[in-house]
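Asks: There's a structure below that I have some questions on.
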Amino acid sequence: MWIMPLRGKYLVWAITACCCQGFLLLGYDQGVMSGIIGADNQFGRDFGNPDPTTQGTIVAIYDIGCAVGSLITFFWGESIGRKRMIMAGAITMLIGTAILTSSTTLAQLYVGRIVTGIGNGFNSSSIPVYQSETCGGLVRGALVCLNSTVTIIGLVFAYWLDYGMSFVDGPAQWRLPIGFQAVFALCLLLQVAVLPDSPRWCMAHGREEEGARILAQLEDRDSASHPDVVAKRKEIELSLAQESAGGPFRYRELLQGGPLGNFRRICLCIGVNVMQQFTGYVVVYLGRACLLTPLKGQHDQVRDREIVGKDP
């Protein structure tokens, strides 16, 4: 497969743009349903004005798909590779978007939500690793944080498109916002297809020469034998040797301390995500219409009472 002939910082920028595209898709997909479901609109009429239980199922089943995608990546992502997992995520998202956009029944809608969730699970679990393994240590943290920040931009796109399409009558009112995420998924697929794989992954799977060539590209050096490339290669080899010390990886190592502090790292990762969910922000961006519609009704009642009270 043809690989984009970029080197040095330009290659890092291209990889970062690809990773940001994946999180832009993540944010858009998370936010697009919040402006559609629960409102008095074409979507409600097309699906028989779903009750709160059905609305909750439509929302929650997406997160189940995300969990399934993340678990698949956890068990098989290392053998498949970062680049191919991201490509699989983009393709899965395209399939899920097609199912959602053409939905005529709740069952089809559920399937589409699960499929798109699985695709986003692939992406959100693979992209941060791919980004961190293809950039230098000085900018690694900033670039990974940038990826997550772009999620907010995806949410904004989804909210404004939902708002704009709310003035349109007919099925396009909800089918266009849902189908528009295919643009982001297609861009992600085309971007990652022409980028190199992770040099660390290549070296961990017996493709040392390919990994060295990619390191030379990232370091903007003409040869894989350049001292800077050799130093980076030795650094990766040492890290891989430390991780594989004591035999093949076993899942129980995640619950052990040791010199690598695996259990501490796991607790930090879980703690950050749990505390993030405890803020309650998910209620707003996944069920915005359901949350705000009752408030609008209360506002209308107060306004009506004020108007009546002012009548002579």
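Yeah, the Cβs are placed from backbone N, Cα and C, and that goes for glycine too.
Heads up, TrEMBL stuff is auto-annotated, nobody curated it.
The shown structure was predicted, so the numbers you read here are calculated from the model rather than taken from an experiment.
Sharing the record's features from TrEMBL:
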type	residues	note
DOMAIN	15-312	domain 'Major facilitator superfamily (MFS) profile'
TRANSMEM	58-76	transmembrane segment
TRANSMEM	88-111	transmembrane segment
TRANSMEM	138-162	transmembrane segment
TRANSMEM	174-195	transmembrane segment
Asks: How about the transmembrane segment (174-195) and the transmembrane segment (58-76): at least 3 CB pairs under 8 Å, pairs 6 or more apart in sequence, or not?
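Replies: Output no: the transmembrane segment (174-195) is apart from the transmembrane segment (58-76).
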Asks: What is the pLDDT of the domain 'Major facilitator superfamily (MFS) profile' (15-312) when averaged and given as a whole number?
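Replies: Taking every residue of the domain 'Major facilitator superfamily (MFS) profile' (15-312) together, the mean pLDDT is 85.
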